[in-house]
Amino acid sequence: MRVSYDELKNEFKRVLLDRQLTEELAEECATAFTDTTQAGAYSHGINRFPRFIQQLEQGDIVPNAIPTKVLSLGSIEQWDAHQAIGNLTAKKMMDRAIELASQHGVGVIALRNANHWMRGGSYGWQAAEKGYIGICWTNALAVMPPWGAKECRIGTNPLIIAVPTTPITMVDMSCSMYSYGMLEVHRLAGRQTFVDAGFDDEGNLTRDPSIVEKNRRLLPMGFWKGSGLSIVLDMIATLLSNGESTVAVTEDKNDEYCVSQVFIAIEVDRLIDGKSKDEKLNRIMDYVKTAERSDPTQAVRLPGHEFTTILSDNQTNGIPVDERVWAKLKTL
């Protein structure tokens, strides 16, 4: 089924107002969730909303909290989110990183005591739309085994890198082959994952999303490489923010909150003139796109370029929503 932007936003806002959020905050939060869903990130938009409400009701999310600056070192700042709403706080932090980059050429914000930011790609895209390179990542609850282990000891720790091309080129990836949100998308669609997603109970690779959701044995992206990347991203976010690590969130909290995040903006126009920038970027993209296709019916993929098409389709034809997810939203 498909629903209109306003219909979806009104449902989000209704639920938020019922939880005593102010009119202004409910409007801002509902808009963020609707924008994410319309952009095609269903797993971190409407599908994630019930989980967001659960954490709101548990007190993990403090809706009226105001993030504060703790430390300033020129182009680097340290902030405390005080468990404010994750996606709204992340947007503010990338805005601040862009402000610093406009002054210093680069801006780095390290945030502690943050909540789940929903679609991390929104903040890289936010920077790239303004002509900046945007980089951000977050640590998370331990929901993935490190390479060589069965037990979950590392986070999926999503990493986003966005480049101001036309259209925007952006990598938005967890350190696992699939996030739990994308496993849910595949399960709801009644399909296997396109590549191996994790291990079954006997230690064999599997593409069955329901098995991996249940046993929590995600496959790290690139095997040991994704495992290693997750670990160092956690270390850096923890150090820069003076916040909680994956182990601290996992062992000291009763759910995923008080995570640590990093937002970086780079003003590339200080380093290269506009004409040269466009020529170099277009040459890279053209070189990639004109490679001989392995499947003649499938275009060579440039990361993030599909979102422009998805957004246009959803704006024209309505936003695709799984009927079961929609029914759940209506009961909240």
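Yeah, the Cβs are placed from backbone N, Cα and C, and that goes for glycine too.
Going by Swiss-Prot, these are the annotated features:
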- H44: active site, proton donor (ACT_SITE)
- I168, T169, M170, V171, D172, M173, S174, W224, K225, G304, H305, E306: NAD(+) binding site (BINDING)
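Recorded features from Swiss-Prot, shown on the structure.
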{"residue": "H44", "record": "active site, proton donor", "DSSP class": "helix"}
{"residue": "I168", "record": "NAD(+) binding site", "DSSP class": "coil"}
{"residue": "S174", "record": "NAD(+) binding site", "DSSP class": "coil"}
{"residue": "K225", "record": "NAD(+) binding site", "DSSP class": "helix"}
{"residue": "H305", "record": "NAD(+) binding site", "DSSP class": "coil"}
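Within 10 Å of the C-beta atom of I168 (NAD(+) binding site) sit 20 other C-beta atoms, taking all shown protein chains into account. Spanning the listed NAD(+) site, residues I168, T169, M170, V171, D172, M173, S174, W224, K225, G304, H305, E306 have a farthest Cα to Cα distance of 29 Å. Cβ crowding, taken as the number of other Cβ atoms within 10 Å, peaks at H44 among the recorded positions H44, K225, H305. Each residue contributes its Cα atom, and for D172 (NAD(+) binding site) and H44 (active site, proton donor) those atoms are 12 Å apart. The least crowded of the binding-site residues M170, S174, judged by other CB atoms within 10 A of its own CB, is M170. Here the candidates are the binding-site residues I168, M170, S174, K225. The one whose C-alpha lies nearest to that of H44 (active site, proton donor) is S174.
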